[in-house]
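S.K.: This is the structure I have questions about; it appears just below.
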Amino acid sequence: MVSCTLTLFFKALYPSFINRCNKERLTEEDVKTLDEIKEHIKARPNTFFEMEAFLPKKNGLYLNLVLGNVSVTLLSKQSKFAYKDEYEKFKLYLTVILLLFAFMCYCFVSYRFVDAILNFLLVWYYCTLTVRESILISNGSRIKGWWVFHHYVSAFLSGVMLTWPDGYLYQNFRNQFLAYSLYQSIVHCMQYYYQSGCLYRLRTLGERHNMDLTVEGFQSWMWQGLTFLLPFLFFGHFWQLYNGLSLFRMARLPDCQEWQVSMCGISFLILFMGNFLTTVAVVRTKLKSKDQAKPKALCVTMADVEAESSTQPEAMEEENPLFSNLDLFLFTLIAGLIIYWFMSRKKAEPIPEFKKLNQPAPSTQETSFIEKMKKTGRNIVVFYGSQTGTGEEFANRLSKDAQRYGMKGMAADPEEYDMSELSRLAEIGNSLAIFCMATYGEGDPTDNAQDFYDWLQETDGQLNGVNYTVFALGNKTYEHYNAMGAYVDKRLEELGAKRVFDLGMGDDDGNLEEDFVTWREQFWPAMCEHFGVEASGEDSSVRQYELKEHNDINMNKVYTGELGRLKSFETQKPPFDAKNPFLAPVTVNRKLNKAGDRHLMHLEVDITGSKIRYESGDHVAVYPTNDTVIVNKLGQILGVDLDSVISLNNLDEESNKKHPFPCPTTYRTALTHYLDIIHPPRTNVLYELAQYATDPKDQENMRKMASSAPEGKALYQSFVLEDNRNILAILEDLPSLRPPIDHLCELMPRLQARYYSIASSSKVHPNSIHICAVVVEYTTKTGRLTKGVATTWLKNKLVADNGHKSTVPMYIRKSQFRLPFKASNPVIMVGPGTGIAPFMGFIQERGWLKEQGKEVGETALYCGCRHKEEDYLYQEELEEAEKAGVITKLNVAFSRDQEQKVYVQHLLRTNKEDLWRQIHTDNAHIYICGDARNMARDVQTAFYEIAEELGGMTRTQATDYIKKLMTKGRYSQDVWS
């Protein structure tokens, strides 16, 4: 109160004194007195503010939310200083702990759960800091603005890192983040000692703001220590910028699905902008204070004094900072968003504008399978996850079987229905859900089952009262055999559903058809017993589609090979996918091998103007057509006009699948473009066709082959599979069998697209896709020459001299087979035979990166062929790449050029020391492409042995080591069987 009174007294006295001075000339003593009065007036408000800081205050909003309405005011100056010192020591101790933990993770431990502990500690640390800082602010601390806000951002960043799932992208950023954490911990320790020394001197001198260092309270003697710190601070700020930009580049990758990548990138950019601008503000304040400290003339006129008196209130106020808190936050946010937009947009690549297709609006589709089942009186639903059509075929067979067992079923694509309604299945009496689930790729769901898989992972709903069973389709040669089917079976049980029959496991490497028939023969009797029903004994054929012949139809409305939209091949419109393939002209078709009895070919298709984008490692899918000779023979042997226009319409009007293939069309088109007439028919086809055999013995044998009896299985194995009889061969060898062609077309599976690893890089060939393949051709035991559908078709796609170009219906299927995010990482590629295809793209891309001045790591290739002088694929290109330094080590196994065969796995063992260094020390990425049944297993065994010998591991440890590389995305396979 005394200081306030004095202040008011001088404010009242000062104007009269000035007026008196205007009338008289000021002496030197008057000027001195006047300066003393001015300094006294300035000091009074500061004294008042210091007193105010020690008065009790209300908690802020944040403390009220965290602690409630609890007073955190410290009433003595000593208590405030003690709490401040304890806060600084807490920061130091935790920083040292985090430094040691980050060092351990970076150098010694590489487990995701240990990283999670580190990130949890960071979240807890920054959250604790925000609470403690709020308490300090309530007790007079002057820390504010970015000094507080950046801890909230850091807590958010650490939380996002905690939730980032382990995988290829996380492992790519992990070491960079740990190194950054180590550096920041070291800088924080240096900052602690600098701030402690400054605060100690401030308190000793009795200066104001002596609890904190602020921009406003920055003094010249503090500059000496800060000059040493500044380079470390600015380096850390720009490291944050580098982290943000790295994450945004990562977010642009086609296979980036994690939202954490973008969120971490934005957080790092906000940290960079805030820290950088705040540090610049400190430097600017220092430079500004230097300019103000220059000596001024001691000449003060009456006008000067009067002008100063008019601005006295502002002079008593504290100097304003360079940026307000709101300015700093908004500028940081806007700049971060601008940089994010700039980094995430596609460069030098116009955004395709797809026009809406002019096609009839689809009819309203029922998305509730429960309502559909109730409406049509069905009690069994068979869901399928299918990539090549086999799972869908099995689902259709099971739904048709239900009628023979006194029940009524429907096959359903989980992509077309709301699977969250599965819990309502219990509303239908004696209901059952059957799942025919295929596994695709590295244990992934098929495309049409992806949403169902995501729902199973996320849902916590209960499926009590739901009966189910699962049949899984897979291949034992793959690492994750039947992973999808096993997961569905386990997850449904966890959610409370009741498994009414054991999980069936189908192995396509053995005899998938036999596995399914055996499981089905045991499944239906068990269902009859479970539901208390009796089999009807009805074994007659059940038709699903009825024939409609079109004698007078506009041919513009007839399908001629299109997969989706009518006339889509005549008027091509993007986007292009499985239902709308692009007709790509073939520009190159050359033979790769110089000699030998095989035909290895290299094709190039032009995608100019299609807006199609691909990456090295992706697959190109092509839709082949059947050999016209076989199609014509089928027409002749069945005595039909192949050019008749027909439709096969589903007898079930409620079914979403109206036709087995696009209709209306001709028999010729169906047999050429839509139906698989080359693959040996499955047992259900033989069973359905048996009724048309006029010879009782033929009829008996066909029905026997469709049974699960041992003699029936053996007959099917020898007569159909081992002799490789397709439907034409069966009709030729069974003269009494002449089924109606419409029923045959109903039973034949759909002709599927063939997938090939792309042998080019879009960086080098943006408008061209390269394919490397070997033509399949062999003679069966019955003396018939069998040719591969797709490879024979591709072989005949010649480039004519008259300018006419053959076309290939194609689209791109994305793959996880990707080069490492960092080009400096070494890569080890193993691909014998046509397995070299994706590596041609990898080599082209590594060469392109090198031309751009990027640091490219070691590139080792292990490929193989039979004879160097016959089938050394891409010999000139590989030797040129080795000469240019793109391939640092070219290893080719010529398996039959010597008495004892040499394969790629033998070359791996020969170079084991170099391989182990690259894998264990240099973080090399391993890629395998080719045969899954033999080569991939032998190569993996070779890596086990190298890890055992040079890593000092047991076989179990070596296996876990390689599996860990797979989990991290450092051991990738693109294999087939």
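Backbone N, Cα and C atoms are what each Cβ position is placed from, and that goes for glycine too.
Since the structure is predicted, the reported quantities are computational estimates derived from the model, not experimental observations.
So TrEMBL lists these for the protein:
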- 386-391, 438-441, 473-482, Asp508: FMN binding site (BINDING)
- Arg598, Thr834, Ser895, Arg896, Lys901, Val902, Tyr903, Val904, Gln905, Asp938: NADP(+) binding site (BINDING)
- Arg754, Tyr755, Tyr756, Ser757, Cys772, Ala773, Val774, Tyr778, Gly788, Val789, Ala790, Thr791, Trp976: FAD binding site (BINDING)
- 380-524: domain 'Flavodoxin-like' (DOMAIN)
- 579-820: domain 'FAD-binding FR-type' (DOMAIN)
- 90-111: transmembrane segment (TRANSMEM)
- 147-165: transmembrane segment (TRANSMEM)
- 221-239: transmembrane segment (TRANSMEM)
- 259-283: transmembrane segment (TRANSMEM)
- 322-343: transmembrane segment (TRANSMEM)
S.K.: Reported as an integer number of Å, what is the Cα distance between Tyr756 (FAD binding site) and Gly441 (FMN binding site)?
M.R.: 14
S.K.: Can you give me the average pLDDT across the domain 'FAD-binding FR-type' (579-820), rounded to a whole number?
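M.R.: That region's mean pLDDT is 94.
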S.K.: Sequence-remote contacts (6 or more beyond its ends) of the transmembrane segment (147-165), Cβ cut-off under 8 Å?
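M.R.: Result: 116, 119-120, 122-123, 126-127, 129-130, 133-134, 137, 177, 258, 260-261, 263-264, 267-268, 270-271, 274-275, 278, 325, 329.
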S.K.: Filter the binding-site residues Arg598, Val774, Ser895, Gln905, Trp976 down to those whose C-alpha lies within 10 angstroms of the C-alpha of Tyr478 (FMN binding site); answer none if the list is empty.
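M.R.: So far as Cα distances go, the binding-site residues lying within 10 Å of Tyr478 (FMN binding site) are Trp976.
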S.K.: Comparing the binding-site residues Tyr756, Trp976, which residue's C-beta has the most other C-beta atoms within 10 angstroms in this structure?
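M.R.: It comes out as Tyr756.
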S.K.: Is it possible to get the count of other C-beta atoms within 10 angstroms of the C-beta of Gly441 (FMN binding site)?
M.R.: 17
S.K.: Give me the DSSP three-state residue breakdown of the domain 'Flavodoxin-like' (380-524), ordered helix, strand, coil.
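M.R.: So the counts come to 64 helix, 35 strand, 46 coil.
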S.K.: Which of these binding-site residues is closest to Ala438 (FMN binding site) if you go by CA atoms: Val774, Ala790, Ser895?
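M.R.: The answer is Ala790.
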S.K.: Would you mind listing, in sequence order, the residues at least six apart from Tyr903 (NADP(+) binding site) in the same chain with a Cβ closer than 8 Å to its Cβ?
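M.R.: In sequence order, Pro832, Gly864, Ala893, Ser895, Met935, Asp938 meet the Cβ cut-off.
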S.K.: For a quick check of packing: other C-beta atoms within 10 Å of the C-beta of Ser386 (FMN binding site), how many?
M.R.: 21
S.K.: With the cut-off set at 10 Å between Cβ atoms, which of these binding-site residues ends up with the most neighbours? Options: Gly389, Gly788.
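M.R.: Buried the deepest by this measure is Gly788.
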S.K.: Which residue among the binding-site residues Cys772, Val774, Ala790 has the fewest other Cβ atoms within 10 Å of its Cβ, if you could check?
M.R.: Val774
S.K.: Spatially speaking, which of the binding-site residues Gly441, Val774, Gly788 is closest to Lys901 (NADP(+) binding site)? Use C-alpha to C-alpha, please.
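M.R.: Nearest in space to Lys901 (NADP(+) binding site), counting only the binding-site residues, is Val774.
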